[in-house]
Amino acid sequence: MNLMTTITGVVLAGGKARRMGGVDKGLLDLNGKPLWQHVADALMTQLSHVVVNANRHQEIYQAGGLKVIEDSLADYPGPLAGMLSVMQQEAGEWFLFCPCDTPYIPHDLAARLNHQRKDAPVVWVHDGERDHPTIAMVNRAIEPLLLEYLQAGERRVMAFMRLAGGHAVDFSDHKDAFVNVNTPEELARWQEKR
């Protein structure tokens, strides 16, 4: 499979950012560029089509030149709703989802997930210590199951990924690449480090 053309990259920026005081995390500046743009740029080196899932400040995200897709379900039901919304509005078979607050994803993310997925419809990153189910390669085939899961009021990403028949892919050699920004203090530390 030609990864560049058969996988749609998606920056997930649709959350409420409660731990950041409600500030839209994707728009926070890291070394002169918004967090979401770091993720989009990393995805664009691996894939030819990248979109953004955002529920606030869509015009700002659109100014970055990428298509912006809003959740089709109301009340910010979480990252799974963003995944569903993108699958409902994009024609691709495979999707690579990454949260907007993971600006240092590795350059071989798509290739490694694809290589290790075997026949699974869903694979996600495991950094050697913990799962990162929102950094995931997902096949369109799970869309009906995902819709049913969300309509039943479920929101747990990891539980859904397992229900869908997925498995983790080991990225313990890139553990630091998956640290995300959850607080203003963490963002300040990143500004100092990189």
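Keep in mind that glycine also has a Cβ here, set from the backbone N, Cα and C atoms.
Every protein chain considered, the tally of other Cβ atoms within 10 Å of the Cβ of LYS25 (GTP binding site) stands at 22. Secondary structure at LYS25 (GTP binding site), as computed by DSSP, is helix. Here Swiss-Prot flags LEU12, ALA13, GLY14, LYS25, ASN53, ASP71, ASP101 as GTP binding site.
Look at Swiss-Prot and you will find ASP101 tagged as Mg(2+) binding site. Taken residue by residue with DSSP, ASP101 (GTP binding site) is part of neither helix nor strand, so it is coil.
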Exercise. Among the binding-site residues ASP71, ASP101, which residue has the largest number of other Cβ atoms within 10 Å of its own Cβ?
Worked result: ASP101
Exercise. When DSSP states are folded down to helix, strand and coil, where does LEU12 (GTP binding site) land?
Worked result: strand
Seminar exercise, completed: Counting every protein chain shown, other Cβ atoms within 10 Å of the Cβ of GLY14 (GTP binding site) number 27
Exercise. If you draw a 10 Å sphere on the Cβ of LEU12 (GTP binding site), how many other Cβ atoms land inside?
Worked result: 27
For this session: Report, as a single number, how many Cβ atoms besides its own are within 10 Å of the Cβ of ASN53 (GTP binding site).
Result: 28
